[in-house]
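Asker: Here it is: the structure, laid out below.
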């Protein structure tokens with residue numbers, strides 16, 4: 001009778017062992033305990049009765065147990081293929097692992113477990129358990145990114161040396177060329193943003209500065225005529241040594257200013273109280289006695305006293321043929337100097 005197969009002492013399963021491996025090991029331990037009890041009872045029975053059928057059944061059971069151990073250890077004929085088919089490729093580190101998927105480093109089905117515990121070594125019974133360093137400290141994101149090729153690598157020392165050699169070959173003019181290129185980039189970016197650059201923005205239009213004589217001549221012409229024809233504008237521009245566009249713009253600005261002044265005066269007149277703007281002439285109640293009456297003697301006394309004579313009103317600024325007089329402030333349009341001046345015909 002062959003010697004019974006005894007299992008060596010099993011160590012505590014590693015923390016990195018998968019749930020499936022732990023279940024298989026637990027089932028194996030239970031089967032081994034039952035096999036040991038069955039072997040003792042069968043030995044007693046074999047001592048009493050040597051039955052060849054019981055011996056064949058025991059050998060078949062032992063062969064099944066051996067195949068299970070080989071399956072867990074990944075040894076024996078077809079053991080690796082069966083382990084891969086049962087536990088998935090790369091789960092036990094049997095052979096090369098498949099490339100990780102595009103998912104996050106710890107997602108299931110994307111090689112996360114293989115990247116978490118990439119290295120394994122042989123343990124009890126030819127089994128596999130993760131390395132202690134891998135079990136205690138997972139890989140950092142940088143190492144996983146390098147393994148997957150997701151992060152670009154920086155330039156090595158060779159690239160720096162090549163760039164230094166190129167700059168040395170180009171000479172001192174290389175620095176000025178690079179500076180000019182860098183200066184052109186913000187300028188081009190400013191032009192693309194609607195012509196607003198970083199330095200000064202849009203081009204500011206130059207403002208024409210008129211001399212005192214030119215302003216006096218322009219003001220005099222404006223007092224006579226608000227709008228100029230093309231011939232008058234050309235003659236005035238030639239006499240003042242200005243362009244027709246400059247004369248035209250000056251007249252436009254001057255007309256706008258004149259309109260604003262008129263609007264302000266009308267608004268001030270509408271806000272002032274109307275009683276202060278109207279003056280009424282009071283008729284004289286009595287006249288002085290003529291010289292003949294004065295020589296005859298004083299007039300007879302009246303039974304009632306006469307009211308004192310009202311003071312004479314101030315002379316009106318602008319008189320009319322009626323009994324009423326109004327001050328000039330009642331007519332703000334007439335108060336302006338240009339209104340009093342004669343207007344030339346031909347207004348546009």
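Any Cβ shown, glycine's included, is placed from N, Cα and C.
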Asker: Of 234-247, 248-261, 276-289, which range does Swiss-Prot call motif 'HMX family specific domain 2'?
Answerer: 276-289
Asker: Do you know which of 263-273, 296-306, 307-317, 318-328 Swiss-Prot annotates as motif 'HMX family specific domain 1'?
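Answerer: When 263-273, 296-306, 307-317, 318-328 are checked in Swiss-Prot, motif 'HMX family specific domain 1' belongs to 263-273.
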Asker: Would you report the average pLDDT that the model assigns to the motif 'HMX family specific domain 1' (263-273)?
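Answerer: Its mean pLDDT is 87.
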Asker: Give me the DSSP three-state residue breakdown of the compositional bias 'Basic residues' (61-70), ordered helix, strand, coil.
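Answerer: The counts are 10 helix, 0 strand, 0 coil.
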